[in-house]
Amino acid sequence: MELKILSVAIATTLTSTGVFALSEPVSQVTEQHAHSAHTHGVEFNRVEYQPTATLPIQPSKATRVQSLESLDESSTACDLEALVTESSNQLISEILSQGATCVNQLFSAESRIQESVFSSDHMYNIAKHTTTLAKGYTGGGSDELETLFLYLRAGYYAEFYNDNISFIEWVTPAVKESVDAFVNTASFYENSDRHGKVLSEVIITMDSAGLQHAYLPQVTQWLTRWNDQYAQHWYMRNAVNGVFTILFGGQWNEQFVQIIGNQTDLAKALGDFALRASSIGAEDEFMAANAGRELGRLTKYTGNASSVVKSQLSRIFEQYEMYGRGDAVWLAAADTASYYADCSEFGICNFETELKGLVLSQTYTCSPTIRILSQNMTQEQHAAACSKMGYEEGYFHQSLETGEQPVKDDHNTQLQVNIFDSSTDYGKYAGPIFDISTDNGGMYLEGDPSQPGNIPNFIAYEASYANADHFVWNLEHEYVHYLDGRFDLYGGFSHPTEKIVWWSEGIAEYVAQENDNQAALETILDGSTYTLSEIFETTYDGFDVDRIYRWGYLAVRFMFENHKDDVNQMLVETRQGNWINYKATITQWANLYQSEFEQWQQTLVSNGAPNAVITANSKGKVGESITFSSENSTDPNGKIVSVLWDFGDGSTSTQTKPTHQYGSEGEYSVSLSVTDSEGLTATATHTVVISALGGNDTLPQDCAVQSKVSGGRLTAGEPVCLANQQTIWLSVPAVNESSNLAITTGNGTGNLKLEYSNSGWPDDTNLHGWSDNIGNGECITLSNQSNYWGYVKVSGDFENAAIVVDFDAQKCRQ
């Protein structure tokens with residue numbers, strides 16, 4: 001079946017970057033970062049070997065280790081032309097002078113530069129120089145070694161993709177010598193962020209150079225040595241996570257394949273790593289998931305390790321839950337084990353279907369053409385999402401003059417919108433449920449529209465930074481893809497024989513944002529301009545956000561505003577699948593309208609719309625004064641002359657920095673509208689969660705926008721938000737290992753009841769504690785529990801409440 005796939009973003013996620021079960025599982029994942037890229041990814045999932053590209057994405061400054069901030073080289077001026085030289089000594093000097101940030105640009109440098117910089121002579125000589133430096137490494141990090149190993153693996157990346165680069169056979173032995181020199185130092189297993197920066201490059205070089213077979217002892221050692229002390233350091237997590245890249249890449253290395261089946265110590269280490277209880281819910285949980293995934297992949301090999309592999313997998317499926325505690329590891333292991341082995345051997349057959357019912361348990365029908373399956377949305381969110389899609393549908397048909405007539409052979413009649421509770425949940429569950437990659441911000445699967453009964457799927461997640469009416473990330477943009485595919489483009493995703501990315505992404509941005517796209521105006525002002533001919537040739541290769549989205553938007557908007565009749569004529573061709581005529585049409589536009597396009601841009605930015613920015617706290621209490629500020633709002637070519645606040649409770653203000661008090665608890669959507677001296681306006685929204693004066697500051701107060709639990713296990717000391725449902729059953733392990741136990745609930749709205757038992761799920765006959773105050777503030781304290789498990793029941797009519805269990809606590813949180 002043909003899939004029309006438009007994946008949003010290349011953001012790294014907590015669980016799988018690969019497809020699940022029906023398609024071959026792929027590589028491990030990387031750590032989730034504070035930023036989220038929200039751009040479209042590559043259409044098809046990667047199932048063949050490729051060297052790892054570029055430097056890993058670094059953490060935001062807010063999470064970066066303070067002592068490493070001086071290493072941020074983002075402002076370094078790079079001169080790749082200076083690297084074009086026949087002298088290896090000069091190249092070494094220039095590489096070390098410019099540093100890793102500039103060497104990183106060689107991954108995407110033009111072919112001419114790569115062919116010069118990565119000659120066999122240069123690779124050999126730099127590997128030898130790296131060996132000399134590595135032998136003298138005493139730990140504590142080294143900018144020089146980090147840069148040199150990055151250069152070496154960039155060379156293999158260039159060789160893989162550049163047909164004009166082919167290394168002579170003596171290059172790889174020299175590279176191996178440099179890796180060996182580093183591995184053999186006394187500092188190889190050091191624990192520090194600075195060391196981790198170098199170690200990361202060394203470990204990925206092992207994979208990129210095709211040396212996966214040579215370093216299995218070191219892989220095993222890292223898995224065995226890993227502990228909570230290592231896990232505290234971001235760069236160590238990033239570095240050691242590379243061992244899973246080695247295990248993944250090894251499947252295309254014959255020497256690796258010949259020996260991996262007998263690596264019993266490695267199989268045990270993978271299983272033990274995946275079963276590390278302290279990793280669950282911790283910052284290295286993604287690594288435990290990767291360990292489970294690579295353990296499952298070992299089932300494809302035969303040898304002495306097979307029994308250990310199966311035993312360790314069985315332990316994972318017994319210790320963790322498919323949907324609950326440790327599910328990231330459970331699902332990762334099930335991903336590969338169900339593909340390479342007999343699923344019945346582990347009792348995991350058809351787990352994907354069961355998982356979908358558990359996760360996407362809410363159903364909401366917007367109309368005969370739109371149905372929502374969601375994990376944890378309120379009725380108000382459902383209604384708001386439906387309303388937004390309904391508005392866009394009307395605006396789309398009006399703007400593109402479709403007559404609401406689908407293209408020929410398109411039998412899609414209802415879109416299914418699948419919404420996960422968070423990007424983390426999307427990362428964990430969307431892969432196995434929909435058989436997609438989740439290293440992105442969402443995905444649209446059209447399926448095969450020519451098949452009657454086909455159901456296209458938009459797969460998304462909630463995010464606090466999304467539209468505050470519904471909090472569904474990319475809803476507006478992605479819904480346009482559905483409409484565009486059904487009413488503008490003949491066939492499925494692979495049908496066009498000419499490039500249409502500029503149109504697909506541009507029209508989605510234009511309909512979703514209309515004339516309010518500050519990012520597009522800013523890309524004109526920063527000088528990163530593209531001609532019409534360049535825009536029309538845009539692909540997803542390289543994921544140039546500006547070119548794909550901003551300039552796609554600008555080209556579409558320009559044509560709609562200045563040449564609408566030409567757009568209508570182009571759509572005649574795309575709706576019939578006449579791609580040769582389509583290509584001739586846009587080529588003519590590029591020749592006729594480039595000068596006009598440039599003038600239009602200048603007119604646009606000379607009277608650019610302002611940018612509204614709200615600065616305020618996101619939570620407060622009833623009767624508490626909250627300060628709101630519009631002072632960070634900007635205008636590209638004038639000044640902001642007026643502001644209008646709507647606080648979401650019927651109150652307004654025209655002050656630039658007002659204060660406001662809310663009279664009742666709840667979630668309020670605050671909007672700010674700013675107007676500039678040219679009369680142009682812009683709007684921003686901000687959500688404020690107000691709790692009652694009796695709320696609990698020690699518990700989450702923003703559960704309206706956070707992930708919620710609808711069941712499963714509680715971890716002592718870790719507050720969680722409760723799902724908005726009548727009854728929730730929760731278990732607490734190891735309650736008999738603590739002398740005292742306190743269970744606290746609070747915040748949100750409504751009225752809940754809290755019950756506890758140490759001898760099974762609470763009912764009228766076995767209660768050991770209960771609390772039923774007015775509101776959500778409940779407290780149970782207990783001591784000397786006899787049994788291992790504690791059982792909690794939360795019931796009532798409530799929303800956005802939180803709960804926490806504390807061990808060795810004689811009183812509840814206040």
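The backbone N, Cα and C atoms fix where each Cβ goes, glycine too.
Database features (Swiss-Prot):
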{"type": "SIGNAL", "residues": "1-21", "note": "signal peptide"}
{"type": "BINDING", "residues": "HIS477, HIS481", "note": "Zn(2+) binding site"}
{"type": "ACT_SITE", "residues": "GLU478", "note": "active site"}
{"type": "DOMAIN", "residues": "609-697", "note": "domain 'PKD'"}
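Features as recorded by Swiss-Prot, highlighted on the structure.
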residue	record	Cβ neighbours (10 Å)
HIS477	Zn(2+) binding site	23
GLU478	active site	25
HIS481	Zn(2+) binding site	27
Mean of the pLDDT scores, which run from 0 to 100, over the domain 'PKD' (609-697): 84
Secondary structure content, the domain 'PKD' (609-697) (per DSSP, counts of residues): 0 helix, 42 strand, 47 coil
Assigned conformation of HIS477 (Zn(2+) binding site) - DSSP reduced to three states: helix
